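Participant: Quick paste from TrEMBL:
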DOMAIN    99-257  domain 'Glycosyltransferase RgtA/B/C/D-like'
TRANSMEM  15-33  transmembrane segment
TRANSMEM  124-144  transmembrane segment
TRANSMEM  150-166  transmembrane segment
TRANSMEM  173-191  transmembrane segment
TRANSMEM  211-230  transmembrane segment
TRANSMEM  242-261  transmembrane segment
TRANSMEM  319-339  transmembrane segment
TRANSMEM  345-363  transmembrane segment
TRANSMEM  375-395  transmembrane segment
TRANSMEM  410-429  transmembrane segment
Amino acid sequence: MGNHLKFNRPTSGQWSKYLILIILLLGIGFRLVNIDKKVYWIDEAYTSLRISGYTKAEIIQEIDGRQINVKDLQQYQRPNDNKDVGDTIQGLALHEPQHSPLYFVMAHFWAKLFGYSVTVMRSLPALISLLTLPCIYWLCLELFESPLTGWIAIALLCVSPFHVLYAQEARQYSLWTLTTLLSSIALLRAMRLSTLMSWVIYGITVSLNLYSYLLSGLVFIGHGIYVFCIEKFRLSKQLVRYGLASLFGIIAFLPWLRLVIENGIELGDWADKETPLGKLITRWLINLSSVFFDIQIGYNNPLFDVRSGRDLKFSYDHLLIYFDILILIIVGYSIYFIFRHSQQRVWLFILTMIAVVGMFPIAQDLILGGQRSSMARYFIPCYLGIQLAVAYLLAKKINPLNGKTIKQQQLWRLVAITVISGGVLSCAISSQAETWWHKYSNYYTPEEAHIINEANRPLVISSDIMRLVSLSYLLDPKATLQLIDTKDSPKVFSSFSDVFLYRPSPKLRQKFEEESPYDVKPAHKRKHLWKLVLVR
C-alpha cells in the first residue's frame, strides 16, 4: 500500500487564531512602520523642548534677530550636558503644568539613551502603545470573564485608526491609555480579591494615572461612582477601601497638583473660541468614528480646523459617509446591548467609563462656551469604554454557545470583519501620508516646507519660535531661519534667492507691508506662508 498524506482542513477555531495573529502583526506594523513620515507638529516640538530642559524664553533670548541654520535651531530640541531632568520638570511646572510630568521624564531619559531623532522620539509612545494590547485583554478577563471578548478587544485596539495615530505621536496619550487600562484592571481586581495588597496596587495606579495626564481625575470619579453604586449607596468596607486607596494616590499627586493650582492651566486661544453646536456635534461624531474607521482617507483637506473654524463640508454623495454612519449605529447598539444583556457590575463599569470622561469636556463647552470637546485625545478613556462595549457585542453575537442561529452568527462575523477591515484600510492609507487630521494646525506644513525647499537659498522669517521649530524638521539644510520681533525695522535681504514669512503675527506682516521694500504675497492657499517680493 502506498503512503497517503492526509491534510486536515483548519477548524473555525484555528482560523480565528490565525486571523487574530494576522491582526496582531498588522497592529504592531502600523505602529512602527513609517513612524517618522508624518510632520513633527507643534505639540511634538514642545515635547522635545521640554525634554531638552530649555524654555521658549531662553531660545528667543539666544537667537532673536540672528540668522541661523536648521541644525542650530534644533539643538534646543535635544538634551545636553548643561540641562538635566530637573530642568524638564521645572519647564513643565512653570509653563505647562496641565501636562503631568511622567511621560516627559521618561522621554528625557529615552532621548539620552537612544538619541533625539523623530523616529526615536516617536518610538517610545509606540512601544508603550504595544503594552496596551495585553492590558485590554486582561481588563476583559476581569470584567467579562471572557477570553473571546478579550481577543476581539485586542483586534479592535490593534487596528484602531485613532490609537495607531497617537501611538506614533511624541506625546503622552499612549501612556494615558496604558495607565487608564492598568488602573481599571487594578480596581476590578481589588474589588474581586479585597486584599490589602490589591488595594495598595490600585492606589499606586491612581497616582501613576494622574502623573500621566491630569484628566485622569475624571477616570477616578467614574471609578468612585461605580463602586458607590455597586455597594448600593452604603458606606461598606469595599467603599472605604476604595476611598483610602484613592486618597493614597491623590496624596502622592499633591506636589504636582499644587503647581497646577499655583501656575494655572493655559490651553491656547483656540479653546475658548465660540463654535456653533451643530459644528461641535459633527466633530464629536467624526472623532468617535475614528476609533474604528478614519474618514480622512477620503479627503485631501483636514476634517476641521479649530483655529480658523474651517470645517469640511460633508456630502451624502460620498460613500465613506455611509460607512461612518454604520460605525456609529454599531456603537450605539453596543451600548444598548451591554446595558440590556450584561450584569450590573459589567454595564455600570462601561457606562461610567464612557459617560464621566465623555461628558466633562462636552458639558464644559455647552455651559461655558468654547470648543475643547473638539479634541479627540481628551476622550481616550471614553473611547476605550466604547471599544469594550463593541467587543462584548461582537463576542456575544458570534459565539456559537449563545444560541444564535448559523445565519445570525455569520451575519455578525461579517459585521466584525467589516469593522476590523475598516480599521486596517484606514491605518494602511494613513501610514503612507505626510500629514493627517490629528496634526490640526500643522496639517499643511509639509506643503509649505516643499515650497520653501524648492528655493535655492531660502530665508524663512517668523515671529513664532515654536512654529519655526516644527517647520525646521521638514526643511533642507540650505534653509536659513530668522526670528524677528515686531520692534525690528524690515530691511533688504539681498543674499537670499527667496524670502518667506512663516506664520507671522498680524503686526509683523503689517510692518513688512507698510515699512519694507517688499510686496507681501501669499505663497500657500491657507496664507500661513507668505513670500516677500522685492519691489524694483
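Backbone N, Cα and C define each Cβ position, glycine as well.
Just so you know, TrEMBL annotations never went through curation; they're auto-generated.
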Participant: Spell out yes or no: are there three or more C-beta pairs under 8 angstroms between the transmembrane segment (211-230) and the transmembrane segment (15-33), with each pair 6 or more apart in sequence?
Facilitator: no
Participant: Of the listed stretches (15-33, 242-261, 319-339, 375-395, 410-429), which one yields the highest count of Cβ-Cβ distances below 8 Å with the transmembrane segment (150-166)?
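Facilitator: Answer, by Cβ pair count: 15-33.
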Participant: Over the domain 'Glycosyltransferase RgtA/B/C/D-like' (99-257), what is the model's mean pLDDT?
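Facilitator: So the average pLDDT across the domain 'Glycosyltransferase RgtA/B/C/D-like' (99-257) works out to 97.
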Participant: Go through the chain and flag residues at least 6 beyond the ends of the transmembrane segment (345-363) whose CB is under 8 A from any CB in it; none is fine as an answer.
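Facilitator: For the transmembrane segment (345-363), the list is 143-144, 184, 188, 215, 218-219, 221-223, 225-226, 229-230, 284, 335, 338-339, 372-373, 375, 378-382, 384-386, 388-389, 392.
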Participant: The transmembrane segment (124-144) vs the transmembrane segment (242-261): three or more C-beta pairs under 8 Å (separation of 6 or more)?
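Facilitator: Counting Cβ pairs under 8 Å (6 or more apart in sequence), the transmembrane segment (124-144) does not reach the transmembrane segment (242-261), since there are fewer than 3.
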Participant: At a Cβ cut-off of 8 Å, and with pairs 6 or more apart in sequence only, do we get at least 3 pairs between the transmembrane segment (410-429) and the transmembrane segment (319-339), yes or no?
Facilitator: yes
Participant: Which listed range (15-33, 173-191, 375-395) shows the maximal number of Cβ pairs under 8 Å with respect to the transmembrane segment (319-339)?
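Facilitator: Most contacts with the transmembrane segment (319-339): 375-395.
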